[in-house]
Structures are given as C-alpha cells and as structure tokens.
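Worksheet for the structure shown next.
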Amino acid sequence: MGCDRNCGLIAGAVIGAVLAVFGGILMPVGDMLIEKKIKKETVLEEGTLAFKNWVKTGTKVYRQFWIFDVQNPEDVAVNSSKIKVKQRGPYTYRVRYLAKENITHDSETHTVSFLQPNGAIFEPSLSVGTENDTFTVLNLAVAYNNTADGVYKVFSGKDNISKVAIIDTYKGKKNLSYWPSYCDMINGTDAASFPPFIEKTQVLQFFSSDICRSIYAVFGAEINLKGIPVYRFILPSLAFASPLRNPDNHCFCTEKIISKNCTSYGVLDIGKCKDGKPVYISLPHFLYASPEISQPIEGLSPNEEEHSTYLDVEPITGFTLRFAKRLQINILVKPARKIEALKGLKQNYFVPILWLNETGTIGDEKAEMFRSQVTGKINLLGLVEITLLSVGVVMFIVFMISYCACRSKRVN
C-alpha cells in the first residue's frame, strides 16, 4: 500500500516535471515558429497578408481641411497689425482608396516598384459645408485628383525581412535634390508599414512627399486598438527644433535672414520642391514653433491632442493600424514697396492658409481578422506555454512534498 502510494506520488512529480519541461521548451520553439510565420506573411510578394493590404488598403482614409479665414485684411495691409484668423472646417475627403499601379517585381534586387494614384471624394456628411463654399477647398481637391505619387521602389523583404517596405528610390533617385547633406536622403518606409518585430527603443524613419523630406517618430505609449496591442509612435518636438537644440537639423536651415540665423524653429521652407513659391510647412496652429512666428497671428490655439502626428503600429508585424498625419500650409508674406497690398507692411508674416488632418483606422472586420490570424494565435500559444509550465511546476512541487512527507512518516 505504501509502495503504491509512493510510486503514485513519484509518477505525479515526474508528470509535472515533464509538463514543466515541455512548457519551457515550447516557449523558444513557439517563438521561433511565430517568427518564421510573421517573416513569411510580411514579405511583399503575391499571396502574403502584407501584399494584399499593401496593394490596396482596406482602411478608409480621410483627409480633412481647415481653412484659415483672415478677418481683417485691410487693417493688416494699412497698419501692419496682427492678422486675425478664424478656422473654417472641416471639409472632408476620402483619399488613398485607389490601388497601386504599375507594380513591378525585381527578383534580382528584391524590390517592388509602383505608382500611387491620388484621388479625392468629397464627404458632405463629414464636412461643415459644400465644395461651393467660398474657400479654396474645391481647388485643393481638383489638384489632388488625377495625379500620382512616385514612382516608388521599395524592398520586398524576400532576402532580408529587416528591409521590407523600406524605400530604395523615389522617382528613380536615392536623394531628393532639395536639401544639402544627409537631410536630402530618402529614409525609411512610407509609414504604412515597417519591418516586423518593432521595439520601443526604435526610431521609426519614414518619407513623406507632402513635406518633401524624411522624418521620424519615437515611442510614446502602449495603446489597445480594438483588442490589438499597438505601440504609439509620435513625431517629437525635437524633429522641428532649431539647429541650436538639435544639430541634426542644420541642413534643413537653408537661409539665414528669415530664420534669424537658424534660431527660429517649427516651420520648414519647402519652396525648392514647390517651384520656388514661398511655401512653409508646420504643424497645425504652429505647434512646437518659435513664439515669434505665431505672435503676429490671432486666433490660434495649438494643442498636442488635436495637432500632433502619430502612428499606431502593431509591433509584431510592423503594420500601421491607425495614424493621424497633421500638417499646416503657410505662405511667407514680406513687405514689398512695389506691391500696393504689401507696401504698408512693417514685418514678415508666416500666414497660415490651411491645415489638414489625414487619418485612417483599421476597420472592425479587418481588426477581427487580424486578431484571429495574428494576435489571437500568439496569445493562445502564450497561454498554453504558461499553463503547461505553471501546472507542471505546481504538480512537481506538490507531489514531491507529499512524497517527502510520506517518507518522513514511515521513518518515524
């Protein structure tokens, strides 16, 4: 009887040890299997999950415009007073709904080239007015339609998954020809996705043709998006800082007078990529800009929640599942003796024309599919691993304690 009981306790301890060992072994093996699967599905080639969503996004993307209506143009022209503005909007368009065109795979360089056609559909239900309102919204939509961005050539990740979606060339070039030194480089992806297995310590680099430069985002917070854990990466104020605070920005300062010897910050002269026009970009309401830039303008109220740019990236796949890209277009207006409307000005003005908010969030159906195919399976595997390890360890300890207790009683 005693032998049977002891044998049973030893058998229970052995089973517990086996379960614990199996659970421990399953952890690295499971991680390896997950990594292999993710690497396969994030390659940009026919048949993968990444390629299907890359060719044509299943996410509805909207671009909203707010127009700055100047309330006192005569007073400004005559007295060089502060410009009083009132924003009108939003005027909303659906964009990025067209599939990529001219997709060409190069098996030797492991790259994919494509053209991204632009289109804009006005959304009256998401707008405060119509396209016939007395603003430039209609012209903006017309300018956006029937155009295309690219040609882009990006790495497919077939030979090296750490390079997937990273831009190799844009319009046939590796540089932009707008900026001196390394500021002219085309870095990172187009922000729709990044190479998989994102770490919080990473700096995510991406190129935006809208701002004629590459830029970057840093980790901000962990977010739960429709049941999917994502990392929120934000554009930091340092990206818009003057070279005094961020020396890496020195090559984005291309003149000394308007920038006050490169000490002002928060606006970027993109005239070179806009046919020489005095166009400056900033964040909406001059968020993160020098006080002297917004000082001559009344009616602005910058805040990070409404006016900052962020990317919500699923860290395992590197897919951007939600984003908000905010941008403001400004015109530099300077005193000019030969122009009647400008000869009364006594200072330079960065006049805000409009700001835009381009947003996209993974839909409910796509989120459900993502949870079932990616995060759900990973979570289930993790649960099995922890359960086996925990149950095994508990069984081993309990049965061994019971066995030792029985042995102690027999000796006594």
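Any Cβ shown, glycine's included, is placed from N, Cα and C.
Per TrEMBL, the feature transmembrane segment maps to 7-29 (among others).
For CYS251 (disulfide bond), applying a Cβ distance below 8 Å and a minimum sequence separation of six or more within one chain yields TRP179, PRO180, SER181, TYR182, CYS183, ASP184. Look at TrEMBL and you will find CYS183-CYS251 (among others) tagged as disulfide bond.
The disulfide bond annotation in TrEMBL covers CYS212-CYS273 (among others).
Residues or ranges marked as disulfide bond by TrEMBL: CYS253-CYS262 (among others).
Sequence annotations record features per position, and here TrEMBL assigns transmembrane segment to 380-406 (among others).
Taken from TrEMBL, the feature site 'Critical for TLR4-TLR6 dimerization and signaling' applies to TYR403.
What TrEMBL records for LYS409 is ubiquitin cross-link.
Cβ neighbour count for CYS273 (disulfide bond) (all protein chains, 10 Å cutoff from its Cβ): 17.
Residue density at CYS212 (disulfide bond): 19 other Cβ atoms are found within 10 A of its Cβ, drawing on all protein chains shown. One residue stands out among the disulfide-bonded residues CYS183, CYS253, CYS262 for having the most other Cβ atoms within 10 Å of its Cβ: CYS253.
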